[in-house]
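J.: Here it is, the structure, as structure tokens.
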């Protein structure tokens, strides 16, 4: 069974910096402002010769349970319960505070092994804080600097001593099976063979995106059947993208909760800019993006811009009309919403849109059925023979226009990518091919090969002319 380590402590002591150091990637947002981390984040780590799962947590604060800070503390308590070992982090520069004393008592009650980590120990100013740390009653402090990578060998030894060698090394696995290295912003898979088989054993990467306060985290909690993510009436509760593994009808799913995207003109603070960057990274890494609309106020300008962003990134967009439990005259409203989808989002004909209620768990199976269906289409490979028989038919029915008195010729088509489907068309004078004709071909491909709701990429190439460059006789 995998070793799980939780990083806990009061706000702004460097927990997320240590988390990033352990996983070897800048996954967690880091800022000088306290309280950046809110949800608990779990990731596989390789720390020297140790392999384990590490949990980043929100800073522990004194607050009532019903407040945002109180709900954040509840998430941290869950992480403590899930962990085999606790890294209790303090700021050696600022010394011990009353909050450190109170929360040290909290983690002691868990009866879990604890390693006391005196972070920010790179300067002489931290010397007194390291000595003060003994007063917490958590044993000898391990002095490190997560930012500068100092003292990490001592931390490794402290972890092994705390859990024992058997537990520390029991779950050691090959690096390539523990550390997942996927290319963020993948532009698709090049096709070299005719028959690309759809792999149902591979996980589907799904990002949940949308404006702030549309119910994204509530929807994921409902999908999981547990309060995994922090939710609340406050807008902008989620700050960074959280990855969660899930299984639906025996299909492995990797979910990404993301921070709400506001209009660019409203984004002023550095922290929100970091959150937006993290959300965009999650969208590019995902395969399917569920854009959550508030059914009581759908199709705001920002909703449409987010869908357009997903399409431009080549990901599969699916609209989730959330808070459907608040809607009356459901059938009439749904028909109107589908009509608006077709009118306001013509970039992808046949865009999937599903009404649901994240709060009550209604419509989730319908959403997932649409996701698995359209994900298969996104991976579809069409043979060159079928494509060219189709091309001959549509060009005969509607030939390309004449430009400057010379008719354009479309000669050949082949699929060069999946994820999203990408096609190369050989034609004369591609630089003057009208966008209207390309839309005609793109929509024709969707209709003929049953690819509704999926972005399609068309690229044009000049057909080779064997006489170009030949010497005149």
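Count begins at 1; order follows the chain as displayed.
Here the Cβ of each residue, glycine as well, is placed from N, Cα and C on the backbone.
Found this in Swiss-Prot, in case it helps:
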DOMAIN    3-167  domain 'EngA-type G 1'
BINDING   9-16, 56-60, 119-122  GTP 1 binding site
DOMAIN    204-379  domain 'EngA-type G 2'
BINDING   210-217, 257-261, 322-325  GTP 2 binding site
DOMAIN    380-464  domain 'KH-like'
J.: Write out how many residues of the domain 'KH-like' (380-464) are helix, how many strand and how many coil, based on DSSP.
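T.: Split into helix, strand and coil, the domain 'KH-like' (380-464) gives 31 helix, 25 strand, 29 coil.
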J.: Would you count the other CB atoms within 10 A of the CB of residue 60 (GTP 1 binding site), including those on all shown protein chains?
T.: 25
J.: Sequence gap of 6 or more, C-beta under 8 Å: which same-chain residues meet both conditions with respect to residue 261 (GTP 2 binding site)?
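T.: Counting only residues 6 or more apart in sequence, the Cβ neighbours of residue 261 (GTP 2 binding site) under 8 Å are 209, 210, 211, 212, 276, 279, 302, 306.
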J.: Which of the binding-site residues 9, 15, 57, 60, 121 has its Cα nearest to the Cα of residue 216 (GTP 2 binding site)?
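T.: Nearest candidate: 57.
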J.: Using DSSP, would you call residue 324 (GTP 2 binding site) helix, strand or coil?
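T.: Note: residue 324 (GTP 2 binding site) is helical by DSSP.
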J.: For a quick check of packing: other C-beta atoms within 10 Å of the C-beta of residue 121 (GTP 1 binding site), how many?
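T.: That number is 25.
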J.: Given the binding-site residues 213, 258, 324, find the one whose Cα is closest in space to the Cα of residue 9 (GTP 1 binding site).
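T.: Result for residue 9 (GTP 1 binding site): the nearest of the binding-site residues is 258.
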J.: Limited to the domain 'KH-like' (380-464), I'd like the whole-number average of pLDDT.
T.: 94
J.: For a quick check of understanding: among the binding-site residues 15, 216, which residue's Cβ has the most other Cβ atoms within 10 Å?
T.: 15
J.: Using C-alpha atoms only, work out the spacing between residue 213 (GTP 2 binding site) and residue 60 (GTP 1 binding site) and round it to an integer in Å.
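T.: Spelling it out, the Cα of residue 213 (GTP 2 binding site) and the Cα of residue 60 (GTP 1 binding site) are 24 Å apart.
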J.: Do me a favour and check the Cα-Cα span between residue 60 (GTP 1 binding site) and residue 258 (GTP 2 binding site); whole Å is fine.
T.: 22
J.: Using only C-alpha positions, which one of 12, 15, 57, 121 is spatially nearest residue 324 (GTP 2 binding site)? These are the binding-site residues in the record.
T.: 57
J.: Out of 12, 15, 57, 121, the binding-site residues in the record, which is closest to residue 258 (GTP 2 binding site) when you go by Cα distance?
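T.: If we rank 12, 15, 57, 121 by Cα distance to residue 258 (GTP 2 binding site), first place goes to 57.
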